[in-house]
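Notes follow once the structure below has been shown.
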Amino acid sequence: MLTRIRCCTRAAHRYLSSTQADTFDEWKKYADESNLSPMIGLEIHAQINSTAKLFSGSENKFMAPTNSLVSNYDASVPGTLPVLNKRCVEAAVYTALALNCKLNMQSQFDRKHYFYADTPQGYQITQQRCPIAVNGTFSFPLSSGKKVKTIHIQQIQLEQDSGKSLHDDETNHTYIDLNRANVGLLEIVTSPGLTGAEDTCAFVKELQMTLQLLGACDGKMQEGQLRVDLNLSMSGKDEKPGTRAEVKNISGISHLKDVIEYEIKRQVQILNDGGTVEQETRAYDSVKKVTTSMRDKEEAQDYRFMPEPNLPPLTLYNDETAPKNTDRNFINVDELKRKMPIIPGRLREILMQRLGLQYKQAEFLLEKQLASFYRDVLYCAPDLSPTLVYNWMRIKLVALQHTSGFTASESGVTAQELADLLTMEQNHLINQSQSKEAFELALTDVRSPVQIVKDNDWIGIIDMDVIRGFCDNAIAQLTDENPDFLKNLNQETPHTVIVRQIVGLVLKLSQGKAKRKLVTPVVISILKNLDSE
Amino acid sequence: MVSNIVNRTAVEVLKLLQEGTVSLPEVYAACTKRMQQVKDLNAFITTTNHEKGQDISQGSLAGLPFGVKDNYCTKGEKTTCASNMLKQFVPSYNATVVEKLCAAGGTIMGKTNMDEFAMGSGSVDSAFGAVKSPWKYDFGKSEDENDWYITGGSSGGSAVAVATGSCFFALGSDTGGSVRSPAALCGTVGLKPTYGALSRHGLISLANAMDTPGIFTRSVDDAALFFNIMSGHDPLDSTSAQHTTPNVKLAEVEKVKDLVIGIPKEYHGPQLSPEILDAWDWMAGKFSDAGAKVVSVSLPNTMHSIQCYYILSSGDVASNMARYDGIEFGHRGSGSSFSEMLADGRTAGFGNTVKQRILAGNYFLLKQNYTKYYEQALKIRRLIVNDFRAVFAGNSTGGSGVDLLLTPVSISTAARYSDFIQANNRSRCAEHDIYTQPANMSGVPGISVPIKISKEGLPVSLQLMADNFNEQTLLRAAKFIEQEVAFPGLQLDFTS
């Protein structure tokens, strides 16, 4: 059944892509003939997962009523001043560590000026001259884990998000929502070392997973938490990069893929026709699947950068330099290093090399943000079967995640508690549905799932003599009711209907305490050995 | 009823209130009456007409009335910055220093007039009209008939309010001399504390790295009192000093035997009026007579200071003024697009001086100019800071080891308005801020203390500067001067 579905989708995919195949082949041919190859660099804006905004105390939340999360500072009311949110700096430091960057122990904020209706200050506070981190590397898997690619990270900077403008064409009114204004952003800038849709999408996916795992960014692209600006140029034989076009605000991996393919095609066609690619900013139209020039944005915009005078330099400390007083209002990088979660790249390695998972299985857990939970459960109970834990998470936990919307880290159930619960399941003290129910109850209960199992008296019988007794009773009872009950019994391969009937009765007689998994083999062995009695 | 309440210092009035010799309503009545009498001077933009003096005598300030320059946000009270842009702006919060004064029992009498957005040195460039000096003003004549004197700026309204007795102290802001200069020309004490000692939260920015809340008072003891109330770290201002500034404590009689007074030779300029030069010389002699060591020192980069100040402050102005787009607050223009609306609103909302500085600032910040002007100015600013560090550093570390610098505040006494407006705002500032803006460039505290009345009948004042966060020594020496000179203060007579 499963295979059939797979075949269908593959066929559909082939069909769909064949409609574009001509043009795609075309550009590929052009590109190959003229030795053109794409060079792609990204600027990624990741909204920092913090309860408060970057420079004010107002709440950072998605989908709140319009302009309900706006402090005086966010609205740039005169006299207000920025106060840096420590949590946002921590997120930046974690990200810098994960991306192997050099941290600038002293970084600075700058003002970038431009008039825009949803930028209330008339400038954005960013880090242009001396960002918090520079010069990193980041590796990510390609071709289903068969290859690994490493890309150079130019810099990571902290900056403010803008508000949102909503334009009503009918009335020619623009409405401004400042809920997003001053939300903390991490801008991550890569070198132009990416070469196409595959590696670019793989990089963004891995980065997204990493940011999620670090707690730095929730990474929901559809909510605009992770936005990609793409710089793409075609380099010739001499590997000198051509003129690049920038496509702004791409918010989805599938969009990213479309944009890259469209831009490559567009630029190759221009070059092939003897034209030149214009250096410009373009926007992606996700309905028409094309990029269009954003002519309203001035091309030679001078942002008139200047140092932000209301903020002292941002200083980071380490164990050696940390102030000795009790004031905790500083960031010790060494302390964060010690608290640093394991990043997806390393987790994947552990899952595959030490904890018995395939690439796809590891990928599944990473995507569902369950990988470290999985690892912790197996570290807590090394005797647990990896397959049992994986399957339990894949089916039960993911279903629960879906219905109750929790994440592993905030479930309130520890890895040890889940390990204890699954050990009970593995030892047939409880069955699968009981383990799921106990876990689900524990989400909203102070008790551990195991305690819930005990309190509900769900622990089954594992004394095989007792089980055998129940089985004997059940067979006797069934034979009493119907003397022909065992008449058609094939002792080599006992009839499933007969076995099921007996097992069913055993479960009933034991009031559910005898578990099917233990009872079934006993019943089969009794039936096989009936002759000898 | 005690006579002449409005001529008393804050400390004296607080004592009278405590003794019960005078009641709070009497104090308000006296101040309100004086405000009315000097209305022509245009010192206030907004007067707050709350019922005063009934039950608000709590706290160490016991309800004492004060003035607030109209660039400090006051909750529920218009805060205009003397600009059409903010004519209708009513903040929802108090600036930290206002909050602290109110919490200590101060009562706001009104918001004082100033140069638009504090850009100016005469308090003549205000959307609400110029402020006039009370000195030699003929209240019997109409405004037009008076050939009046300027107050200095930009906090001219606050200086006038305190000099005339409309209130006992007033907040000003000092970015290049905007407290010390009007204090000097109006004959009050004007304190510009160390940058970072007082919170800037709620002070509408001119040049953020130099804006310093300051105080006008009628005595040095008063200045110490209000400085102590307002100083201290403010979590809402990331540039406010982390450490706690110790309270200033002044003796009944201040002695200066232990002090070394530096006379910076670069402050001898050809433009300096002989009368001020004489006063300076005379005061240096007084210090020497009292046992202080008076030495000549050098601040070699002083001559570049005013140009750098102009570049840096214009850059900040261009940037700080960018928020005035009329969307969230302020004057909103009209037009069919955002750009048109913005251009229209800003054209109507800002005065010429503001527009000129915005243009200049944006010019300095352009990519092709930044390293040429702005970056160079930042570097020279560092040299100026080093100059001050060096004179205040001890002899053992190669410094001059001086405790204080004694200098003029302005090159001359107040000019007549008719003379003053001959030059444009920019060159007037360059002339008037010459002795004051180095303290803003370096962050050191400075104070203007009146010395005597000139032959023309106008106040002559001098400036003291100390090392960062050394307000204690600064005010000690200022009190010494005050006791030596026994400045008579402004005597207004409305009996006739």
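Each residue, glycine too, has its Cβ placed from N, Cα and C.
All TrEMBL annotations are machine predictions without curation.
DSSP assigns B:Lys69 (active site, charge relay system) to a strand. According to TrEMBL, the active site, charge relay system annotation covers B:Lys69 (among others).
What TrEMBL records for B:Ser154 (among others) is active site, charge relay system. Its Cβ taken as reference, B:Ser154 (active site, charge relay system) is surrounded by 38 other Cβ atoms within 10 Å in the chains shown.
Taken from TrEMBL, the feature active site, acyl-ester intermediate covers B:Ser178. Long-range neighbours of B:Ser178 (active site, acyl-ester intermediate) (same chain, six or more residues apart, CB within less than 8 Å of its CB): B:Met114, B:Asp115, B:Ala118, B:Ser121, B:Gly153, B:Ser154, B:Ser155, B:Gly172, B:Gly214.
Per TrEMBL, the feature domain 'Amidase' maps to B:56-475.
Taken as a whole, the domain 'Amidase' (B:56-475) shows an average pLDDT of 94 in this prediction. Neighbours of B:Lys69 (active site, charge relay system), defined as other CB atoms within 10 A of its CB across all chains, total 33.
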